[in-house]
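First comes the structure, then the notes that go with it.
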Amino acid sequence: MTISDKIRIYELSRDLNLDNKDILGAAQKLSISVKSHSSSISAEEAEKIKNLINKKNPDKKILSIKKPSIKKDNYKQNKEDKSSLISSVEEKPFKDNPEKKPLLKKPLNKPESLKIISNQPKSLNKPTITNSSQSQANLTNQNLNSKTSQNLNQDKRNFRNNLTPPIKSPTKPPIQLIAKPKNTTKNVQSNESSQNILNSGGGRQISNKPDQNSSKSKTKNINNRMSPPELVGAPIRREGPNKQNNKQKTSFKQTVPNRPGMLNRPGLRNKPSDQGRPGSFNRQTNTNRPGAPSSNKPGMPNRPGLRNKPSDQGRPGSFNRQVNTNRSGAPIRPGMPNRPGSKFNGPKSPGMRKPVSPNELLKLQKTNKSENDKQVINNNEKQNSETTKQKVKAPNSRPHTAPNSKKLPHRTFSNNSKKPGKTDWDDSAKLEALRNKNPQKQRQKVRIIGENDDSLTSETSGYSGEKFSILSASLARPKKEKSDESKSQKTIKQFKKKKKETTRQRQKRRAMELKAAKEAKQIRPEMIIVPEDNLTVQELADKLSLESSEIIKSLFFKGITATVTQSLDLATIETVAEEFGVPVLQDDIQEAAEKTVDMIESEDLDNLIKRPPVITVMGHVDHGKTSLLDSIRESRVASGEAGGITQHIGAYQVEFEHESKKKKLTFLDTPGHEAFTAMRARGTKVTDVAVLVVAADDGCRPQTLEAISHARAAKVPIVVAINKIDKEGASPDRVKQELSEKNLIAEDWGGDTVMVPVSAIKKQNINKLLEMILLVSEVEDLQANPDRFAKGTVIEAHLDKAKGPVATLLVQNGTLKSGDVLAAGSVLGKIRAMVDEHGNRIKDAGPSFPVEALGFSEVPTAGDEFEVYPDEKTARAIVGERATDARATKLAQQMASRRVSLSSLSTQANDGELKELNLILKADVQGSVEAILGSLEQLPKNEVQVRVLLSAPGEITETDIDLAAASGSVIIGFNTSLASGAKKAADANDVDVREYEVIYKLLEDIQLAMEGLLEPDLVEESLGKAEVRATFSVGKGAIAGCYIQTGKLQRNCSLRVIRSEKVIFEGNLDSLKRSKDDVKEVNTGFECGVGCDKFSSWIEGDIIEAFKFVTKKRTLTQE
């Protein structure tokens, strides 16, 4: 049993006749570490647990419910002595094996130890547990008599008078008893013990002639041993509902029970079975017989409304009449019987009701009723018994058993089982008849006790009329609203699965949706703006608020086949839009030059200082922009440009002494070629002052006007530099006149535009131009905050084979330092090094300072704004947000040339196949890539489509060669070189690699390549003309004698016979002879014979025209 003075939990529980869970709970209260019933504890710890269980301190709350095993011999002994018990208690014998159902007991402390004032509720001391075998040894069947019962009843009444119910309501919901629960005991204790328990727990009087001596001796024996009586069953508490109306109108106190310790519970007679729980087999007693005395037991209150209560758990006065007590804080053991009818076990039987508040019981226990009231109650019991005898049927024919439980015999209410003269159950006959009329409906209403117990009304709880109105509003639960059932039904209907719609219903619904969508799109916009001459059919339909099918149908009637993803040119868009009455406006190119980001923020206003101005030099090609900058910088940049034209944005900073102070100016040189429109717009976007260079001998040209529009879009002041005034034929006044037509009026003409005539070659008026620029910039009041993280714009970017991605950055606000983490568009970078325009390394760059920065993850897009962030995590998050848009933009650039126009699609339909020229474009900088792609868009593409498979800055690599070989593409390199191994790979794969330095030549060669893909045209070429002067018949045919008037005739050439200015025959010249000899051709002034196999009806005077078809190279034509 013990190992090294260790005791296991299950051994200790067996010794104490307790459940393992009780021992574990006691060990937990004593902080003894145990895990399960097989855990071992020391003898000292076991003694502590025993002392705690046997302790009678009322402050401790230890509730132990004992489930002792019942021996067979005890059961047999009880069975033999059962005859004495049957004389006072009517019950059916148990027929099941009693060994599997141990008797459940609930101990009780000695009544003398309880000194609790009823007005001050306190927690009830949890009774201790004693061994059932000891109780059985002391309580023998010989001492079972009525006197003992009466004496125990008197002790019980004393105990009840001092007992104050606990304030806490039961934690477990009431349990409805329908069938026998699992593990319910069937053992019958010794008759004396059983009778004592009936008297102490239920307060029932067994005999009309109690034996006082026997009662005293037995009570003394029990009290001395401190062995509380075992709980075998809970009696039925009944009331006389018609006897207490007068007192309940004025007081909550209910003092007179029907019998000592018995609660009056009308309506309990209709319960299907009360034997499904311990102690219910002694329910039918002879206490209602007419001769039974009604002793006044002050501790037991008369409790109306308890008739429907399934369980009296957690209330004083009822803890001895039940086993599965669930007081607040007491755990429910798995071995305890699960009563059917609880919210966990089954539907609630009719007549059961929710628990009554302990406060209500406290008020009901305070006073006793008089003897007169008792007599009235007994009389009413007789009347009710006679009335309800006819209407109440025995429920034993319909047994209810819980799962996995054995059947117990049900209590019968038949007339045969009643003793002569015994009064019937005290209840309202009408209410009983109503409940038994349709019990199934009643069960359905309260089938889930946990949810619907609030729906039990005052009638079902045993209170009716004025009795119910006496209860305090704080004690009674509110009624469940009648609308809850309808609401729940509506909710169920809402969650019901919808029927699957039929094909006809689906078609009808879709037709209605299409009609509604069409009506919603009837509102046409006032106008639409077409960006960059390109819109797909779907985009145009969205702008016009139309279905795409309407656009396709309109184009089809115009002889054009299109799809929803087809690109439309501006002319087609205007045609379609005018058909629907919507004008079209082309998106102005100047929008690219608008300043979209304000570099100065509100927190910078306190730390602003003056910054150098940024000046952008713009103008038409070959008007001397770079030469003017060379004169200012005193350098020779223009001579180094390929072809003498600028193809990059150059950023320079110049120091100029003005008013004995050195001033810094930042210049941006932009290309003047028409292909570099995006570069000019980008330069204008970041500028503070625009210098417009116009050649005095050439005047305003298209790019001059474009530069003016860029400057106006950027809202920057314009300074006009009239260059080349030293050349012959220069006319500055003519330039001023042309500019005045564009609303640029010179100051000497009364306008506000500064115009300075200069000569870049001879450096005339250069200082005056710089002074005017400084003057204009001072008016603009240019400021920045150097004490913040840098912000600015990417001017240019390219891929250097040694340095990696390199970007030209213009700092517009803040200070850029080495090591800063920045995000430029969707590109993340960390500055590894910075150099100025002279190639010198610098550590930081302030506002208006252009630098070349290294350290980007990839080549950034020119024109993107950059910003420095405090850490890489923040910058990476910003870059991630922009990644999607950047990928879409890059894809649009790569696929720009794939957009097929409608006219070229029509040509494809006519010719049978659309010619395509695949290109791979590599350039030195991102700006050059943009310029070339823009120029390719301007090429005629109605017959040959140019597809740019790859466009990126950087050198030509072997990967590019492999791509070109796989796709049959031509590689175009602009101002770039071939990587090591690329030339060898190109020769091996027979890939055509073209390198260019000037954009003119590049565009010309691409156009020639596109024309080379076109099939040549067959053109009719005239050979000569001859006149028929004689005819000769030869066999079946005829020969015409002709004279060559012009040109010549050739054998096998084509000829046309014209008679009276009408062509009567067209065919081949099959035979040509001169003087009977066959010849190949006959020239002008000679005579010859002409024969045709398919024509012989020659007439003198016919004209013969000889011609042949030759191929001619086709050229690209605009749409």
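Glycine is treated like the rest: Cβ placed from N, Cα and C.
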Matching range for Swiss-Prot feature annotation, region 'G4', among 723-726, 843-846, 863-866: 723-726
Of the residue ranges 633-636, 669-672, 817-820, 957-960, the one that Swiss-Prot records as region 'G3': 669-672
Secondary structure content of the region 'G1' (619-626), with strand meaning DSSP E or B: 2 helix, 1 strand, 5 coil
Sparsest-packed among the binding-site residues, when each Cβ's other Cβ atoms within 10 Å are tallied, from Gly619, Asp622, Lys625, Ile725: Asp622
Local backbone state of Ile725 (GTP binding site), from DSSP in three classes: coil
